[in-house]
Structure formats: C-alpha cells, structure tokens
Amino acid sequence: MAENIHPPMEQLQDLEYCIDSNPPWPETIMLAFQNYILMLGTSVMIPSYLVPAMGGSDGDKARVIQTLLFVAGINTLLQALFGTRLPAVVGGSFAYVIPIAYIISDSSLQRITDRQERFIQTMRAIQGALIVASSIQIILGYSQVWGLFSRFFSPLGMAPVVGLVGLGLFQRGFPLLGNCVEIGIPMLLLVIGLSQYLKHVRPIRDVPIFERFPILICVTIIWIYSVILTASGAYRDKPYATQLSCRTDRANLISTAPWFKFPYPLQWGPPTFSAGHSFAMMSAVLVSMVESTGAYKAASRLAIATPPPAYVLSRGIGWQGIGILLDGLFGTVTGSTVSVENVGLLGLTRVGSRRVVQISAGFMIFFSTLGKFGAVFASIPFPIFAALHCVLFGLVASVGLSFLQFTNMNSMRNLIITGLSLFLGISVPQFFHQYWNPQHHGLVHTNAGWFNAFLNTIFSSPATVGLIVAVFLDNTLEVEKSKKDRGMPWWVKFRTFRGDNRNEEFYTLPFNLNRFFPPT
C-alpha cells in the first residue's frame with residue numbers, strides 16, 4: 001500500500017495568525033472593519049424583512065438596524081472575552097423568523113389599525129418572548145447540561161452538522177445573488193479572482209492585500225459600479241423587486257437614520273409576555289444553539305485552536321443565552337447566533353486572531369450610535385453580500401467535512417451515517433420551506449399556533465435535522481466496535497479542559513478569572 005502523504009492533521013497549517021497571535025495594528029484594524037462590513041448583510045436583511053410586516057416605517061427599520069448592530073457588538077465582545085473566547089462574531093439570526101412571523105400574525109396584534117401602534121406592540125411581544133426563551137440557553141449552558149450532551153458527539157457526528165451549518169444556508173447565496181445578476185456575478189468572480197488567483201500578488205510591501213482584504217476591495221469596487229448603474233437609469237423601468245435588489249437608493253436608510261442615537265434597554269416600552277409566544281420562540285433558541293455549536297467547531301479549526309471542550313462549549317452557550325436576553329431587553333427584533341459568514345472569513349483571510357473580532361465589535365458599537373454613517377454602509381445592495389455568502393458558507397461547509405479525515409471512510413456504517421445526515425439535513429428543511437408562509441405557518445398546521453411555529457422552526461433548520469440524525473445513528477449503530485472508526489481515540493482528549501495542554505492557551509478566561517471559575 002502506498003504511503004499516505006496527507007495524514008490527518010489536528011490543526012490547519014496554512015493559516016498565518018492563530019487565535020492568540022495578532023497581525024500588525026494597521027492590518028488588525030482593517031481586518032476588523034472588514035468583519036463589520038460583512039456582518040452588515042444579515043443585520044440589515046432581517047429588519048428589512050420583519051419591520052414592515054410589523055407595521056413599522058423606514059425610520060423604525062433604521063432604528064432597529066442600529067439596535068441590532070449595537071447589541072451584536074456587545075454580544076461579540078462578551079463571547080470573545082468570557083464565552084468560548086473564539087474569534088466568532090455574534091449577530092442576528094434567521095432561525096427566529098418563523099416564530100416571529102407567528103407573533104406578527106397574532107390576531108390580537110393584527111386587530112390594531114394604527115400601523116405605528118401595531119409595530120410597538122408587536123416589538124414588545126417579541127421582546128417578551130425573547131426574554132423568556134433566553135432562559136433555555138442560560139440554563140443549558142451554565143448548568144453544563146449542553147456540555148454533557150456534547151459527550152455524545154464524535155468527528156463522524158459533527159462532520160455533517162458543521163457541514164450543514166454552511167450548506168444549509170444555500171438559499172442566502174445564489175438565489176439572492178440572482179435577484180440582480182449584473183452586480184452579483186461580477187462580485188462573485190472578483191472575490192474568487194482576488195482571494196484565490198491573485199492572493200500571492202503583493203503590490204504594497206510584503207502585505208498580501210488581495211488575500212487579507214478581498215471583501216473591502218471587492219465591495220468598494222462593485223458598490224461604486226452599482227451606484228453608477230443606478231445613477232445612469234439602468235433600472236428605471238425595471239420591476240419593483242429588481243429595483244429593490246439592485247438600486248443603491250431604495251433602502252431609505254440614510255435619509256431616515258438619526259445623526260446620533262444611543263440604543264438603550266426597553267426603548268420600545270415594557271415587554272409583554274405570552275406563554276404561546278414564548279414557547280414558539282424557544283424552538284428558535286434551540287436551533288440557534290445547535291447552529292452556534294457547529295459554528296464554534298468550525299471557528300476553532302479556522303483559528304488553529306483545539307475543538308472547544310465541553311466546559312468551554314457550555315460556557316459559550318450560557319453567554320449566548322445572556323446575549324438573547326440582551327436582544328429582548330433592547331428590542332433587536334430577532335435573537336442571536338454565531339455569524340457563519342464571519343467564521344468563513346477567518347479561512348478566506350487566513351487570520352484567526354481573537355483581537356480582530358474584538359475590535360470589530362467596537363466598530364459595530366461605534367457605527368450603530370452614529371446613525372447616518374452606519375446607514376451609508378448598511379445601504380450596500382443585498383446581492384453583493386449574497387456573492388460573498390456563496391464563497392464563505394461553502395468554506396465553512398468544507399471545514400465541517402474535514403472532520404471526516406479522523407474517521408474511517410472505508411466503513412459502510414460511516415458512509416451511511418454521513419450520507420443520510422447530509423441528505424436529510426438538506427431535504428427535510430427544503431420540504432418544510434416549500435409549505436411555509438407567514439399566513440399558514442408551514443407544513444405543521446394545527447389550531448395551536450405556537451406548536452406549529454415550534455415544529456416548523458426545528459425541522460426547517462438543516463443543522464438541527466442533521467444533528468438529530470447523525471448523533472442518534474452514531475450512538476446507536478454498532479457503537480462499541482466502531483469507536484476507532486468514529487474517530488473517538490482522537491476526539492476523546494478534547495472532551496475535558498485538562499485533556500489537552502493547548503486548551504489552557506486557547507480558552508483560559510482573562511483577568512485571572514479562572515481562579516473563581518475553575519474549568520472542569
């Protein structure tokens with residue numbers, strides 16, 4: 001048998017900066033700003049979809065976007081300092097759309113005729129649901145229950161889950177890019193060209209600017225190009241949907257955003273609480289927990305760190321629960337999860353530095369208070385972000401599949417588990433998506449709206465379906481005799497904080513806090 005010249009590698013070798021090493025300060029600041037620009041796509045898209053359905057105006061939308069960015073900055077900083085300590089951006093999540101749509105369509109809210117009043121009352125109802133539902137992650141995290149459950153994970157079980165964290169977001173890639181191909185396709189080609197084909201070209205000293213800053217460069221070029229198309233009247237007679245996707249002057253964010261606004265808790269008034277709304281929202285909290293777990297595993301690999309031990313994973317989930325609580329208190333219109341696109345950016349730039357993400361959190365907080373300046377960047381057309389998602393979501397998916405190198409993929413058992421998990425993880429949510437709309441609440445359609453929202457949310461998440469299938473099969477099919485095939489000899493040392501000496505380097509709390517919170 002020929003010698004294996006590509007043996008399994010615990011840590012990636014071709015990244016230049018790991019979790020606790022930092023680029024020079026000018027590069028660090030530019031990389032942090034690039035992270036901020038990238039996470040704007042989701043931060044603008046979610047309120048743009050939900051706020052009008054709630055009855056809100058363009059001014060309300062601008063204010064919600066500011067609040068979402070402000071809280072995302074706080075949550076990212078908390079996670080990087082006291083949570084998993086991985087370089088992961090924490091922002092708004094699409095997992096919450098179905099339960100929020102259920103709240104929006106509540107008959108008691110729909111009866112309110114005044115649009116502004118309906119927006120305020122709906123926002124308060126969403127806030128109350130988020131506050132109650134956040135207790136799920138707080139309890140599962142700080143009680144270490146999620147960490148105990150993670151002991152059932154193996155490289156074989158996690159590979160499809162992390163893979164589906166990226167692959168499951170395919171609808172936010174080319175389908176959105178296709179809404180305006182004249183700017184989406186050039187953006188996609190330019191990103192691939194600069195970051196891959198020209199990455200070794202260094203026109204300025206020894207800095208690989210095309211590899212380090214492809215998003216800043218490409219967004220600037222295509223954004224200017226789209227401004228020229230808009231100003232030249234290229235979309236004057238196009239359908240409204242095309243104009244909304246392509247034009248740079250249709251978002252109405254710059255004109256409606258205040259010059260200065262400091263978001264604060266309960267700015268929309270006191271939250272209102274409903275048992276049905278809270279139960280529906282809990283489904284999204286569970287989904288975001290699964291998706292974040294997969295994203296943390298990918299971020300650890302792209303930051304050249306060890307997989308987060310059970311204790312660290314639980315700590316991160318607990319702080320993420322605090323983040324959802326803050327979402328409810330401030331009124332961000334959605335809950336939080338780890339930004340998958342920003343995880344992918346770690347691999348694209350080959351920089352996994354924690355400091356970069358911490359400074360990007362500062363940009364989020366700073367620009368969210370300066371409304372007009374933040375709105376300028378937030379008015380970038382969505383197809384530009386969709387082109388970036390095509391590259392970055394795919395990169396995260398491939399990181400997940402890389403865990404298979406620690407398993408025996410010549411085992412028919414492993415092939416069946418991997419294939420079934422990936423296929424059902426994509427196929428089942430797609431089936432549920434075909435039936436979902438805000439009026440009928442999806443495939444599950446009983447008289448209990450909260451029950452509909454709960455099941456439709458769970459089974460519309462590729463990562464969650466993949467986790468259910470992969471972990472169940474991996475822990476019930478020939479478990480004892482398949483330990484080596486599953487990759488457990490490699491994985492078991494990462495279950496506990498003290499299982500690997502490198503964990504202390506990557507995951508120890510700052511300010512000597514480990515004295516008060518000793519790891520287990």
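Just so you know, glycine gets a Cβ as well, placed from its N, Cα and C.
Feature list (source: TrEMBL):
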- 33-52: transmembrane segment (TRANSMEM)
- 64-82: transmembrane segment (TRANSMEM)
- 88-104: transmembrane segment (TRANSMEM)
- 125-146: transmembrane segment (TRANSMEM)
- 152-170: transmembrane segment (TRANSMEM)
- 177-198: transmembrane segment (TRANSMEM)
- 213-235: transmembrane segment (TRANSMEM)
- 356-378: transmembrane segment (TRANSMEM)
- 384-403: transmembrane segment (TRANSMEM)
- 415-433: transmembrane segment (TRANSMEM)
- 453-473: transmembrane segment (TRANSMEM)
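Cβ atoms under 8 Å from those of the transmembrane segment (453-473) belong to residues 95, 98-99, 101-102, 152-153, 156-161, 163-165, 167-169, 279-280, 282-284, 286-287, 290-291, 294, 416-418, 420-422, 424-426, 428-429, 432-433, 436, 441-444 of the same chain, restricted to positions at least 6 beyond its ends.
Away from its own ends, the transmembrane segment (33-52) comes close to residues 60-61, 64-65, 68-69, 72, 89, 91-94, 97, 100-101, 104, 119, 213, 215-216, 219, 251, 253, 333-334, 339, 341-342, 345, 349, 356-357, 360, 363-364, 367, 377-378, 380, 382, 384-386, 388-389, 392 of its chain (Cβ-Cβ under 8 Å, at least six residues beyond either end).
With pairs at least 6 apart in sequence, the transmembrane segment (152-170) and the transmembrane segment (415-433) have 3 or more Cβ pairs within the 8 Å limit; the two touch. Below 8 A, the CB atoms of the transmembrane segment (213-235) and the transmembrane segment (88-104) form no more than two pairs separated by six or more positions in the chain, fewer than 3 in all.
Long-range Cβ contacts of the transmembrane segment (177-198) within its own chain (Cβ-Cβ under 8 Å, at least 6 residues beyond either end) map to 210-211, 214-215, 217-219, 221-222, 225-226, 229, 234, 241-242, 245-246, 348, 381-384, 386-388, 390-391.
Same-chain residues lying 6+ beyond the ends of the transmembrane segment (88-104) with a Cβ under 8 Å from its Cβ atoms: 35, 39, 42-43, 46, 49-50, 53-54, 68, 72, 75-76, 79-80, 122, 125-126, 129, 172, 277, 280-281, 283-284, 287-288, 291, 295-296, 299, 320, 323, 332-339, 342-343, 357, 360-361, 436, 438, 441-442, 449-450, 452-454, 456-457, 460-461.
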